[in-house]
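Peer 1: Please read through the structure below; I'll follow up with questions.
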Amino acid sequence: MASPHPRKKRIVQKLPSLTQSCNGELRPCPECLQPHFSKIPILSQLITEHKFMCVSEISAHKVVFKLPKSWFQCEHLKPQEDAVLGSGSFGSVKPISKVTCAKYFTDPVDFYHELIACNLAALAQIRNSTRAIYLVRMTGAYIPCKCILFPRYAGSLYDFKCWDKISAKKLAKEFKSLVNAVNFLNDEVGIIHSDISTSNILVAHGPDFPGTFLLADLGVASLHSGNHQTELCVKNSRGKILYNMSCTRDIFLLCKDPVKPAQVIFRCYLLACKLINSETLHQTFIVGKILAQNIDMASLFYTMLECVEKMLDTKDIKPSREFYNKIGPDDESHKAYFLQFLVPRVVLLEMLSRLWDTKLSIGIDSFGNTTEKNVLEVQDKILFASWCTHLKGFLHKGGLQLNLNKLRAQPLYELVRFFLKFDYFSLSGRQ
């Protein structure tokens, strides 16, 4: 019997969808992606990469990108006029279809900054797709209307309401996956996210609600010192400079205040007390690779603790928000302003310490005692202790301590211990 014609035996290998995985979640499926990218011909990979920015010039310290022609033609569907999925200082996010949304920017500087960061991440995702599945990937960009396309998800943890459906094991599983996303950005992309928070962690659709958690929004991401080049530039086809990305950062402006690392808050406090040289420490600089990882891991940890509070807060009294609104100072010139953001994490860690019969500490307790000797001035130590007492009162009022047993899960305990390695209330973090 003659063998079948080879063309009839050929299997056409399609690019796995980046918006619909085989289990129904709006994310790349590792089972689908890994075989694809391990077998894809190099020519096909180059064609895929051609849809993104490519390097046109390289110097000792600078890389110049040129933009693909496809980005100058708006071929995407028009968004629904009145539908807005989210908004901020950058602009707004609008739905394009059931599986795609567009992030529109009002300022071209913000647009090109995020576009560069997303471009670097997208190219790294092609090279190592498995490690990147918990990071939201751009699927297109259009210069004329200043928008970047992304897969559409169910919403963010900031707006999430169904905390009764989240178990301690589920929370630990999802945040352990987000650790992979942070490591991917640090190791493979060479950037610090620097804006991890509940508003930038999205929840995917899936057969089991809630779905997978994914890290999003590279709007303020920047290079760390693990890169050979520390400056980036975007030019159009005529050589006109569209954007220069400064890779220097002010460490005091990294992360949202409620999840700012304790070691950063330590420096902010010393600076306010004039115990360190502001001219030295307040200068902008390129964040080191290890410091970048510590900062992102710490902010991810404190974001998880915010989720722990939400899981315990069955009466929805929002104790930490109540504390910030009624007790904590809102004037950044207040010497102890940044200390208030230590209060929720210190109190929650003491609650978890009692639950698990262990000591969980970031170098300061609810009485204002610090591992570093003579850090807080006497009046600030008394003030900090009173703040912790106020928050404990809010927690008791909401009965959060009565729900602690739902956190009895070994994976969550192990993850908390893991996160504690990355931050401490001292000048150099945990040694």
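Cβ atoms are placed via backbone N, Cα and C, with glycine included.
Pulled these from Swiss-Prot:
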- 79-368: domain 'Protein kinase' (DOMAIN)
- Leu85, Gly86, Ser87, Gly88, Ser89, Phe90, Gly91, Ser92, Val93, Lys103: ATP binding site (BINDING)
- Asp195: active site, proton acceptor (ACT_SITE)
Peer 1: How long is the line from the C-alpha of Asp195 (active site, proton acceptor) to the C-alpha of Leu85 (ATP binding site), rounded to the nearest angstrom?
Peer 2: 19
Peer 1: Check the domain 'Protein kinase' (79-368) for me and report the mean pLDDT.
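Peer 2: Result for the domain 'Protein kinase' (79-368): average pLDDT 92.
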Peer 1: Note the Cβ centroid of Leu85, Gly86, Ser87, Gly88, Ser89, Phe90, Gly91, Ser92, Val93, Lys103, the recorded ATP site, then list each other residue of that chain whose Cβ lies within 8 Å of it, in sequence.
Peer 2: Val84, Tyr104
Peer 1: So if I measure Cβ to Cβ from Ser89 (ATP binding site) and keep only same-chain residues at least 6 apart in sequence, which ones fall under 8 Å?
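Peer 2: For Ser89 (ATP binding site), the qualifying residues are Asp110.
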Peer 1: Taking the residues the record says bind ATP (Leu85, Gly86, Ser87, Gly88, Ser89, Phe90, Gly91, Ser92, Val93, Lys103), how far apart in Å are the two Cα atoms that sit farthest from each other?
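Peer 2: Among the residues the record ties to ATP, max Cα distance equals 14 Å.
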Peer 1: In sequence order, which residues at least six apart in the same chain have a CB under 8 Å from the CB of Gly91 (ATP binding site)?
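Peer 2: Long-range Cβ contacts: Lys103, Tyr104, Phe105, Thr106, Asp107, Asp110, Lys146.
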